[in-house]
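Record features, source Swiss-Prot:
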- Gly10, Thr11, Ser12, Met13, Asp14, Gly15, Ile16, Asp17: ATP binding site (BINDING)
Amino acid sequence: MSLYIGLMSGTSMDGIDAALLELPSNHLIHGITKQYSDDVRRNLDDLIMGNHLTLASICQLNTLIGREFAEAVRQLLSEIKVHPKEIQAIGSHGQTVCHDTSGNIPYTLQLGCGHTISSLTGITVVADFRTRDLVNGGQGAPFAPLYHQQIFSKVNESVAVVNIGGIANVTFIAKNQMTRGWDIGPGNCLMDAWIYKNKGALFDKSGVWASQGEVIYPLLEYLLQDPFFHLDSPKSIGKEYFSLSWLQKHLKPDYTPADIQATLLALTAHTIAETILNESGEIKQLYLCGGGAHNTHLKENLARLLPGIAVKSIAELGISPDYLEAMMFAWLAAQTINQIPVNLTSITGAKGIAILGAVYPIIKSY
């Protein structure tokens with residue numbers, strides 16, 4: 001038995017998820033979510049929305065996020081009375097602030113200094129996972145299908161897993177076939193940004209506000225024409241693309257805020273449903289994870305759009321929908337530490353197998 005910690009803050013930026021994972025059983029021992037401090041959250045919002053930050057401010061933010069990730073580790077271990085020396089390594093995703101693979105020079109950047117995390121926790125850290133995939137010819141995202149494949153390794157039927165974070169991504173798993181996956185489009189990011197702008201809330205709990213509005217179908221149809229939705233897979237996208245500025249250029253003065261929220265939820269539901277239906281009726285089970293798995297109104301919309309397909313939370317399998325991505329980065333850290341390459345060729349379009357991440361080691365004294 002080996003213990004690894006995974007750290008994840010997704011494009012929703014709703015906090016740092018920390019998961020203590022037992023391998024090789026993939027058993028989640030404990031998980032917590034630590035909210036970002038107000039200053040860090042404000043600076044992240046400014047950076048991702050394209051507001052001006054100095055280079056010095058970005059460098060400081062990299063260190064500050066590293067400190068907050070380290071504090072999440074300390075809180076996690078304190079709650080269950082586990083000593084840092086018992087942990088083999090931490091897998092830290094960091095906080096994505098930009099990700100674009102559309103040009104001749106693809107790039108991705110996750111903040112959260114690995115040296116800071118390792119020094120403050122006394123635990124070896126693996127970070128900067130996505131850059132290796134980009135260099136290897138891949139899209140750098142999504143990685144979730146790798147871990148979904150582990151969970152459904154004994155699958156006897158075709159299933160789909162959709163992770164609904166800020167960006168939604170899909171995994172298709174079938175017996176005796178290569179696992180496939182890609183980014184679908186906006187998951188929670190537009191709904192979160194819109195409710196924050198109008199109500200000051202971080203997210204629309206259970207989709208209640210969206211349920212009070214009416215879908216603006218001309219707006220929905222216009223949004224669905226965005227070129228990203230019509231790209232062939234593999235494909236990936238960042239939250240900075242599907243931003244409020246992307247939305248607001250399509251809005252009219254007579255649209256009500258609640259109706260816009262209803263339309264944004266419909267956009268997420270329709271793009272997910274279309275992705276599933278394009279699998280030619282093979283899929284009979286759809287499992288949801290990420291924050292969107294708790295959005296009751298979104299799940300109801302998906303069930304309506306996907307007749308004959310059981311739409312479930314991955315919690316029905318005894319797996320936490322909130323900590324699945326953090327668990328994945330704990331697992332990825334173990335692959336890196338043990339020099340085990342991963343195969344993303346059918347997911348990100350990478351040219352071959354690779355060992356992901358950069359290692360920030362700590363010399364343990366016993």
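Glycine is no exception: its Cβ is also placed from the backbone N, Cα and C atoms.
Locations of recorded Swiss-Prot features on the structure.
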| residue | record | contacts (Cβ under 8 Å, 6+ apart) |
| --- | --- | --- |
| Gly10 | ATP binding site | Asp17, Thr96, Gly165, Gly166, Ile167, Gly290, Glu325 |
| Thr11 | ATP binding site | Thr96, Gly165, Gly166, Ile167, Gly187, Cys189, Gly238, Lys239 |
| Met13 | ATP binding site | Tyr36, Arg41, Leu44, Asp45, Ile48, Gln95, Gly166 |
| Asp14 | ATP binding site | Thr33, Gln35, Asp192, Leu202, Phe203, Gly291 |
| Gly15 | ATP binding site | Ser9, Thr33, Lys34, Gln35, Tyr36 |
| Ile16 | ATP binding site | Leu7, Met8, Ser9, Thr33, Lys34, Gln35, Tyr36, Glu68, Phe69, Ala72 |
Using a 10 Å radius on the Cβ of Asp17 (ATP binding site), the other Cβ atoms enclosed count 25
Under DSSP, is Asp14 (ATP binding site) part of a helix or a strand, or is it coil?
coil
